[in-house]
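Residues annotated as domain 'U-box' in TrEMBL: 1-61. Look at TrEMBL and you will find 158-200, 240-282, 281-322 tagged as repeat 'ARM'.
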Amino acid sequence: MTDPVIVASGQTYERAFIKKWIGLGLIVCPKTRQTLAHTNLIPNYTVKALIANWCESNNVKLPDPMKSREAEFSPRFMDPRSRSQRIWRRQSERFIPRIISSPGIENKADLSGTETQVKKLVEDLKSTSVDTQREATAQLRLLAKHNMDNRIIIANCGAISMLVNLLRSPDAKTQENAVTALLNLSINDNNKTAIANANAIEPLIHVLETGTPEAKENSAATLFSLSVIEDNKVKIGRSGAIGPLVNLLGNGTPRGKKDASTALFNLSIFHENKARIVQAGAVRHLVELMDPAAGMVDKAVAVLANLATIPEGRTSIGQEQGIPVLVEVVELGSARGKENAAAALLQLCTNSNRFCSLVLQEGAVPPLVALSQSGTPRAREKV
């Protein structure tokens, strides 16, 4: 997506496609089929930032939004036989659950066979045998990994509550399989809600505190996935998850630190969570992770930019020697890193003469002037 927007149902779509859908007079959500209460389109800045960060990390150039908008009205785009339409359909099928009105015999057989298999595995989750539980969680983890239909079937067969219970399993491998299965299931938006409603947040915190390194990583990733839903940002923040996430940020594996920072970024979008993140000591770890050797500059500075919007965050950034590294990112960072560093410095300078002086002492003016000429639109605005 180049311009993700949220519709009334809470689902996110590319603006050009959903505008075309609504323009045809369709007032139901394409994914859930629920009637839209209104047709307003709200920019999804979280998804846009995640896409931009992923593209930057993987050296993928984002499409030009203007060209994307031009393509919306081009004859080739409208032609269902065109290559762009075929690619779009393939990509859609990978990520959107298919709504099957009248499946063929083969499709029915496939779904029926999977359902039978899943029901057996769910029964095995109830077993008193540790080996049986371990094998069942491993199988469900695998089934939920790549296939959206499987994720729906597994949820419909009642596996979610059983997997949540096994997050407290004394067997480390069963616990790891269970949290990874939930992570895979949470790719489906309806499952995000179901997992949160199954009271999974506190057991996920338990895994963050007691699990294997991989289990901790996947617990943090699951909390990030759940936090895409606004209500879950509130629940997760109030449940005590932020402290263990900050601990993982400071002491986890490289993958664990990345998962923790992504979860904290999403949680920091909800204002109430910002102070909790600062109080848990996140700023020190974030400043340390702005060392380019850690490979996490963009993730760390994105969280700092959010935390700089509250007084406690600005104070902590100053105390933890965050200003020099922010100036360094403005000068030497990626396009996205420069943008967020400039946003953080703006907050620091707007609210404190002392911080203003420190920013000047660090030699910020030349790189800021350079960024005003070459940065992204948001970076130039912040400069």
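Glycine is treated like the rest: Cβ placed from N, Cα and C.
Within the same chain, residues 10-11, 31-32, 97, 118, 121-122, 125-126, 130, 133-134, 137-138, 140-141, 144-145, 148, 151-152, 206-207, 210-212, 214-215, 218-219, 221-222, 225-226, 228-229, 231-232, 235 sit at least 6 positions outside the repeat 'ARM' (158-200) and bring their C-beta atoms closer than 8 Å to a C-beta of that stretch. Taken residue by residue, the repeat 'ARM' (158-200) breaks down under DSSP into 33 helix, 0 strand, 10 coil. When the repeat 'ARM' (240-282) is classified with DSSP, helix, strand and coil residues number 35 helix, 0 strand, 8 coil.
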